[in-house]
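The feature Mg(2+) binding site is assigned by TrEMBL to A:Asp43, A:Asp116. Taken from TrEMBL, the feature site 'Interaction with target DNA' covers A:Tyr86.
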Amino acid sequence: MSPTALHDWNLDPGEAIALQKQLAARVERQDRLAEVTRIAGVDIGFEQGGEVTRAAVVVLAWPPGTDGAFERVEQVVHREPTRLPYIPGLLSFRELPAALAAFDRLTSSPELIMVDGQGLAHPRRLGVASHLGLWLDRPTIGIAKSRLCGHHVEPGNERGDRVPLVHKEETIGTVLRSRSGVKPVFVSSGHRVSLPTALDWVVACLGRTKLPEPTRMADRLASRRTAM
DNA sequence: GCGACAG
DNA sequence: ATCTTGTCGC
C-alpha cells in the first residue's frame with residue numbers, strides 16, 4: 001500500500017461494505033474544482049474471457065477547438081490480472097486497482113475526471129467515481145449507462161431532457177437523455193463536484209453521441225483490441 | 001423469502 | 001463487461 005493510500009484492496013465483501021460506509025462520509029458533494037484545462041475519461045474493459053483487466057485513461061484539452069473537436073493530450077492503457085468477480089455495489093474493488101495503476105503512469109494532471117459508472121448514485125453513496133475521486137483527491141463525475149439503485153420517471157425523448165434519480169428520499173443523481181431516441185445516461189456527483197455542475201460538464205462534453213467525449217474515448221480504448 | 005443488481 | 005452479423009433507422 002502506497003504512503004498516501006486510504007486502504008488496502010484485499011478485502012472480503014463484508015469488510016468492503018463496511019469500508020464504503022466509512023469512506024462515503026468523506027466524499028465532498030460541493031464544488032471544489034480548480035480552473036479546468038484538462039479533463040480525463042476513465043473506463044475498464046476485459047480480455048481473455050475476463051482473466052485480464054484493462055484500464056484506459058484518456059486526457060482531453062479543455063475547451064475544445066472551434067470545430068468542436070477535443071484535442072487528445074495523453075492516453076494510458078494498463079493491463080493486469082483480474083482480481084475479483086463483479087459484485088453489484090462493489091465494482092470499485094474490482095476495477096480501481098487497475099485504474100489507479102494507469103493514473104500512476106499519467107504525466108499530465110487533469111483537473112476533472114469523468115468515470116464510467118456511478119458516483120453518489122450508489123446504495124452506500126460510494127460508487128466507483130466517488131471512490132476514485134477520494135483516492136486521488138481530485139474532482140470526479142460518475143456517468144453510468146444503466147441504473148444501480150434509485151427510482152425515476154422516464155425522461156422526455158429529446159436531447160437534454162432530464163429527471164431526478166431518487167433513492168431513500170434523496171436525490172442522488174440525474175437521468176439525462178444525452179441523445180434523442182437513445183437510452184438515457186445516469187449522471188451523479190463523484191467527489192468535489194455538485195450535481196448541477198456535474199450535469200453542466202457532461203452536457204458541455206457531449207458531441208452528437210450518447211456518452212460525453214472523455215468517457216466515450218476511454219470506452220473505445222478499454223474495449224477495442226486495436227491500438228488507437 | 002423474493003426481486004434487483006454500475007461494469 | 002464479453003460472446004457476435006447483419007440490419008433497421010436517422
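Glycine too: its Cβ is placed from the backbone N, Cα and C atoms.
In this structure, the CA atom of A:Tyr86 (site 'Interaction with target DNA') is 15 Å away from the CA atom of A:Asp43 (Mg(2+) binding site).
Around A:Tyr86 (site 'Interaction with target DNA'), taking its Cβ as the centre, 11 other Cβ atoms fall within 10 Å, counting all chains. Taking a C-beta cut-off of under 8 Å and a sequence gap of six or more, A:Asp116 (Mg(2+) binding site) has these contacts in its own chain: A:Gly41, A:Val42, A:Asp43, A:Ile44, A:Ile143, A:Ala144, A:Lys145, A:Thr215, A:Ala218, A:Asp219. Neighbour count (other Cβ atoms within 10 Å of the Cβ, all protein chains): 27 for A:Asp43 (Mg(2+) binding site).
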